[in-house]
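*Asks:* Below are the features listed in TrEMBL for this protein:
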type	residues	note
COMPBIAS	335-347	compositional bias 'Basic and acidic residues'
REGION	335-365	region 'Disordered'
TRANSMEM	45-68	transmembrane segment
TRANSMEM	80-104	transmembrane segment
TRANSMEM	110-134	transmembrane segment
TRANSMEM	141-163	transmembrane segment
TRANSMEM	175-196	transmembrane segment
TRANSMEM	208-230	transmembrane segment
TRANSMEM	242-263	transmembrane segment
TRANSMEM	306-326	transmembrane segment
Amino acid sequence: MQAYLLSQQFNTRPLAENSTACPANATICNGTSCVLPEDNFNETLSIVLSTVLTIMLALVMFSMGCNVEVKKFWSHIKRPWGIFVGFLCQFGIMPLTAFLLSLAFNVLPIQAVVVLIMGCCPGGTASNVIAYWVDGDMDLSISMTTCSTLLAMGMMPLCLFIYTKMWTDANAIVLPYNSIGISLVALVVPVSLGIYVNHKWPRKAKIILKVGSIVGAILIVLIAVVGGILYKGSWIISPKLWIIGTIFPAAGYCLGFFLARLAGLSWNRCRTVSLETGMQNTQLCSTIVQLSFTPAQLELMFTFPLIYSIFQLLFALLFLGGYRIYRRHRAKTKTDIEKTEQKEDSKSTSSHPNINGGFVANEDK
């Protein structure tokens, strides 16, 4: 946001019709119009909202930790097959998909770089909330998010070095290791506290989890809405980036699910890996973009992380809705089958009382 504001340092405002004097804070005045410093209200609002949202997100991750069992979480660390599959999806499938989409749509070099940066980012914390709602493996989800954020320290530079050679010098991209570190701390600390609460007070942990899951779902939508309001001035970008921003998260979800199934993971873990693959840390991508490019370059692709964020949320909600419908239909079908079996058993028992637990007369004794 700050980088965008730099590109809009001054704002030209016409004088009122009856006014002949410039405002006291005007920098240039020719009698008909004045150049005034840009109002920093949006910047202040952005800082305040970022602080509030970060605190809320930490509380949500604390509640998600309340659904994690120490033994299961540790088993994923000791036998990291699911984490390894997620690693292949996160730093194998996503960067390659970004590279292929950039080639297929023949975007500008600077636009291709931002698509690749998005593809190389680790998983976002929103995936943990959605994974809970689709009955995913929460232990795997949180361990994958933690590991991908930690491994991003080395894997992001490596992937960007490999894939950005044909468009730009990888050294020109500034990786904010401090932001990655903050993301890691903001994830690990509240989750660890949640795991501890679940271990000591499991009943209270269930209540916290229910509240946190609802707040988390609201928070994800709120972040998307706030981002749309704050960045409303930079929505005019290439239609190609809009198309890529639509296809990219959907491809991540699908490819992550199929690779997890191919690796022999259970259905709930496939759903988890799918979400961890498609849902990227878009805030980190925005930070890297702001640190790496000039205001003139930002105008060509600054909104892409927000576009990706909106469509990754939209597809995740469709995923959630489809799963809930499937689950409800399956529950009804299962209930009908059980009722049918019970009727058949009752008929069989009434027809043959001496078979399968039927009544035995005392006179036979």
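Just so you know, the numbers here start at 1 and follow the chain as drawn.
Cβ from N, Cα, C; glycine included.
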*Asks:* Answer yes if the transmembrane segment (80-104) and the transmembrane segment (242-263) have at least three CB pairs under 8 Å among residue pairs 6 or more apart in sequence, and no otherwise.
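*Replies:* Result for the transmembrane segment (80-104) with the transmembrane segment (242-263) is yes.
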*Asks:* List, by number or range, the same-chain residues at least 6 past the transmembrane segment (175-196) whose CB is under 8 A from its CB atoms?
*Replies:* 54, 57-59, 61-70, 73, 122, 125, 142, 145-146, 149-150, 152-153, 156-157, 160, 205, 208, 281, 283-284, 287-288, 291
*Asks:* Quickly jot the same-chain residues contacting the transmembrane segment (141-163) by Cβ under 8 Å, restricted to those at least six beyond its ends, or write none.
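*Replies:* Residues packing against the transmembrane segment (141-163) from afar: 64-65, 68, 73, 76-77, 80, 82-83, 86-87, 90-91, 95-96, 98-99, 116-117, 119-125, 127-128, 131-132, 170, 173, 175, 177, 180, 183-184, 187-188, 191, 272-273, 275-276, 281.
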